[in-house]
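*Asks:* Following this message is one structure expressed as structure tokens.
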Amino acid sequence: MFLVDWFYGILATLGLWQKEAKILFLGLDNAGKTTLLHMLKDERLVQHQPTQYPTSEELSIGKIKFKAFDLGGHQIARRVWKDYYAKVDAVVYLVDSFDKERFAESKKELDALLSGWSSLAHCFLFLDNWVTRIEHPICCLRKMNWRYHMGANGASPLARGKVNLADSNVRPVEVFMCSIVRQMGYGEGFRWMSQYIK
């Protein structure tokens, strides 16, 4: 089996074989998870009803084929988040920047999610979904404010920057500003995430 895995790994590295990964879309209700999933799948911007039951979609981004799980963000759905996140390669956590009143609630859910860090996915991609146009100076301020509220600055066991998964129990994390409506920013986040997909 080692030889087969090695061979397919070489093909994937050379771009001759498509990688496969499971990712989990999490965040409070109305953060944009289902909208992002459908934008990635077929580039359709449609207003969705709140996700009541877990759904999954298959999509390709670059040379990676993803099976994406959208569990919903309402209080009942949050109870099953931990049942899924140990079985995926990456977690995409969305926050609606416009809804500042819910930052504390989102942080509480994030803290609960990260409490079982030993079984975390390989990486965490945080997307700060801002509906309006992204402009650099404002973007930086929002990013710092978001990290403050979310506790994403130096939070162990997560680390920003390039992380070698083989040498550490630390999981890579990065925050990207995005606007799903304007189709901006999230592509960079998924490119960052793809480097950690085996």
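Glycine is treated like the rest: Cβ placed from N, Cα and C.
Not my notes, these are from Swiss-Prot:
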type    : residues                                                 : note
REGION  : 10-14                                                    : region 'Mediates recruitment to ER membranes'
BINDING : Asp29, Asp70                                             : Mg(2+) binding site
BINDING : Asn30, Ala31, Gly32, Lys33, Thr34, Thr35, Asn129, Ile180 : GDP binding site
BINDING : Asn30, Gly32, Lys33, Thr34, Thr35, Asn129, Ile180        : GTP binding site
*Asks:* Using a 10 Å radius around its CB, how many other CB atoms surround Lys33 (GDP binding site)?
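*Replies:* For Lys33 (GDP binding site), the count of other Cβ atoms within 10 Å is 28.
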*Asks:* Test of understanding: give the count of other CB atoms lying within 10 angstroms of the CB of Ala31 (GDP binding site).
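*Replies:* So the number of other Cβ atoms within 10 Å of Ala31 (GDP binding site) is 24.
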*Asks:* Just how many other Cβ atoms lie inside 10 Å of the Cβ on Asp29 (Mg(2+) binding site)?
*Replies:* 16
*Asks:* Measuring Cα to Cα, how far is Asn129 (GDP binding site) from Asp70 (Mg(2+) binding site) in Å?
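*Replies:* Pair distance, Cα basis, whole Å: 16 Å.
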*Asks:* Sort out the sequence-distant neighbours of Asn30 (GDP binding site) for me: same chain, 6+ apart, CB within less than 8 Å of its CB, listed by position.
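*Replies:* Residues satisfying the criterion: Pro50, Gly73, Asp96, Asp99.
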*Asks:* Specify the count of other C-beta atoms within 10 Å of the C-beta of Asp70 (Mg(2+) binding site).
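*Replies:* The answer is 24.
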*Asks:* Between all pairs in Asn30, Gly32, Lys33, Thr34, Thr35, Asn129, Ile180 (listed as GTP binders), what's the biggest Cα distance, rounded to the nearest Å?
*Replies:* 13
*Asks:* Whole-number Å distance between the CA of Lys33 (GDP binding site) and the CA of Asp70 (Mg(2+) binding site)?
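*Replies:* Counting only the Cα atoms, the answer is 7 Å.
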*Asks:* Cα distance, Asp29 (Mg(2+) binding site) to Ile180 (GDP binding site), nearest Å?
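*Replies:* Rounded to a whole number, the Cα-Cα distance is 15 Å.
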*Asks:* Fewest neighbouring Cβ atoms within 10 Å: which of the binding-site residues Gly32, Thr34, Thr35, Asn129, Ile180?
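*Replies:* With the binding-site residues Gly32, Thr34, Thr35, Asn129, Ile180, fewest surrounding Cβ atoms within 10 Å: Thr35.
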*Asks:* Quick one: Cα separation, Asp29 (Mg(2+) binding site) versus Thr35 (GDP binding site), in Å?
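*Replies:* Counting only the Cα atoms, the answer is 12 Å.
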